[in-house]
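Student: Straight out of Swiss-Prot:
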- 3-123: domain 'MTTase N-terminal' (DOMAIN)
- CYS12, CYS48, CYS86: [4Fe-4S] cluster 1 binding site (BINDING)
- 148-381: domain 'Radical SAM core' (DOMAIN)
- CYS162, CYS166, CYS169: [4Fe-4S] cluster 2 binding site (BINDING)
- 384-446: domain 'TRAM' (DOMAIN)
Amino acid sequence: MKKKLYIKTYGCQMNVYDSGRMADVLAPLGYEPTDAPDGADMVILNTCHIREKAAEKVYSDLGRLRPLQAARAATGGRMIVAVGGCVAQAEGAEIMMRAPHVDMVFGPQTYHQLPEMVARAVRGTGGVVNTDFPVESKFDSLPEEGASPAGPSAFLSVQEGCDKFCTYCVVPYTRGAEFSRPAARVLAEAARLVADGVAEITLLGQNVNAYHGDGPDGTTWGLGRLVRNLAEIDGLARIRYTTSHPNDMDAELIAAHAEVPQLMPFVHLPVQSGNDRILQAMNRKHTADDYRRVVERMRAARPDLALSSDFIVGFPGETDQEFADTLRLVTEIGYAQAYSFKYSARPGTPAAAMDGRQVPESVKAERLEALQQLLTAQQTAFNTACVGRVQPVLFDRRGKKPGQLLGRGPWMQAVHAEAPERLLGRIVEVRIADAHANSLSGTVVVGEHVHAHPVAPETASAEAGV
C-alpha cells in the first residue's frame, strides 16, 4: 500500500539534496512524495540551524502539525512526525521535550538509517533519537537516486562537514568533520543525472572547494580535477559549485575557471567581514588582503567572473571603524549578489561566550541597512549592465505569465522571456531588454549566437556611484 511522504526543507542547497535522498531511502517502504502535510503518513522537517529564527520556525511548524497528527489518530490512522537536519543534530533532546508528539529525530549523517528508525517508531517504543555520528559514511549506504530529476538542473553532494571551526558557526558540530566522496561515485552519479536529462549540475559541500576525494587512479583529486573530469561527460553543459572558502581556492581550481568552458563564471565566496581583527576573532584564518588576492587571481583567470558573498554585521566587539572596513572591501570587490545578516549567537559556539562584547541590536540593524544599501546598488548596477547584451539561458520552468519561460543565465540571474515550452530544458540565447531588482527579462534570439558578457562587477560598482 502506498503511503504519502511530505518533506519540508529549510535552509541551504545541501538540505535540498538531502531531502531528495531521504525520499529515495523511504521509497522501498512504499512512501511517495506529496505536496502538503494534510493527509501525509509521514512528515519530515529537514531543518537548518544557521540562524536562531530558522530554529524557532521549526518549533512553530511542529505546533501546527500536532492537530493534524491528532486528527489522523482520531480516525484510526497515524502520521509519523520527524525532525531531521542540523536543528535535530544540535537540539535532539530539547525537541523531544518541547514537542513530545515528535516520533523521530535524526541528524544529517544518519538519514540512511531511516528504515530502521521508522520500524522503531511504528513499534511505539518511544521517541527515536538518532544523532550520533556513525562510523560508516551515509554515502556508502544510500541507494541510487530514484525519482527522475525535477528539471534540467540538479544538485550533487560531493563534500560534507567543515574543519574550519569559525567561532560563530555550528556547522562543524552539526555536520561533522570534512568528508569527500570518492571521485568515481561522483562521476557515476553525475552521468546518471545527465542521462536523465540534466544539463546543469551544482556541486555541493559545506566547504566544497576543500574537496579531496579518492580518485579512480589511486591519487587524491581536488575540486579542480573533479570539475575537469565532469566536463568530459557528454551532455553536461554547465557546472557550478557552492559554498567555497577563500583558503581552499587553489591554483588547480582557479585554472579550471580559465580552461573549462562548462564551469560557470559565478562563484559564491564568503568573506564575512572586511576587518582583520574581526576575521581573526571569527577564526577565519585569512585576512582581508588574502581575500582580495584570491579574487584578483580568479578574475585574472576568468575576466567575466562575478561573485557573491556572505557578510555578518555586529559580530561581538565590532566597532564602527571595523564595520567601515567591510564597506570598503565591498566597494573594492564589487558583488553581483550577496547575503548579509545580523550576528546571531548560536549556542555552544565560542562567539556566543564573548560576554560583554555583544553589539546592541539597534547598532546591528543600522549597519545591516547600510551594507544592504551598498550591496543592492551593486546588484542593480550589475543587472543593468546586462541590458542590450545576449546571455545563454537554461530554461528550467514555466514563468508566472502565460507563454513565458524562466531560466538562469551564467551569472545566476533569473531570466524571463516569452518562449515556446519546447525550449524547456534547453540553453537558448536571450537578448536582455530589462533589468529588475532580482531578475532580467528579454527576448529569445533566433539565428544569432553571441555570448557577450556584462561589464565586470568593479565597473558596475562605479556606475552605481558606490
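Just so it is clear, glycine is given a Cβ too, placed from its N, Cα and C backbone atoms.
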Student: Are there any residues in the same chain, six or more apart in sequence, whose C-beta is under 8 angstroms from the C-beta of CYS169 ([4Fe-4S] cluster 2 binding site), and if so which?
Tutor: ILE50, CYS162, ARG346, THR349
Student: Using a 10 Å radius around each Cβ and all protein chains in view, which of these binding-site residues has the most neighbours: CYS48, CYS86, CYS166?
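Tutor: When each Cβ's neighbours within 10 Å are tallied, CYS86 leads.
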Student: Compute the average pLDDT of the predicted model within the domain 'Radical SAM core' (148-381).
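Tutor: Mean pLDDT, the domain 'Radical SAM core' (148-381): 95.
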Student: How many Å lie between the Cα of CYS86 ([4Fe-4S] cluster 1 binding site) and the Cα of CYS166 ([4Fe-4S] cluster 2 binding site)?
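Tutor: Rounded to the nearest whole number, the Cα-Cα distance is 16 Å.
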Student: Around the Cβ of CYS162 ([4Fe-4S] cluster 2 binding site), how many other Cβ atoms lie within 10 Å? Please give the count over every shown protein chain.
Tutor: 23
Student: What is the number of other Cβ atoms found within 10 Å of the Cβ of CYS12 ([4Fe-4S] cluster 1 binding site)?
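Tutor: Here the count is 18.
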Student: In the same chain, outside CYS162, CYS166, CYS169, whose C-beta lies within 8 angstroms of the Cβ mean position for the [4Fe-4S] cluster 2 site?
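Tutor: So the extra residues in range turn out to be LYS164, PHE165, TYR168, VAL170, VAL171, PRO172, GLN206.
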Student: Work out how many Å separate CYS48 ([4Fe-4S] cluster 1 binding site) and CYS166 ([4Fe-4S] cluster 2 binding site) at their Cα atoms, rounded off.
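Tutor: Cα of CYS48 ([4Fe-4S] cluster 1 binding site) to Cα of CYS166 ([4Fe-4S] cluster 2 binding site) measures 17 Å after rounding.
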Student: So which other residues, same chain and not among CYS12, CYS48, CYS86, have a Cβ within 8 Å of the centroid of the Cβ atoms at the [4Fe-4S] cluster 1 site?
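Tutor: Close Cβ neighbours, site residues excluded: TYR10, GLY11, MET14, ASN15, THR47, HIS49, ILE50, ALA54, GLY85, VAL87, THR174.
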Student: Quick one: pull the CA-CA distance for CYS166 ([4Fe-4S] cluster 2 binding site) versus CYS12 ([4Fe-4S] cluster 1 binding site), whole Å only.
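Tutor: CYS12 ([4Fe-4S] cluster 1 binding site) has its Cα 18 Å from the Cα of CYS166 ([4Fe-4S] cluster 2 binding site).
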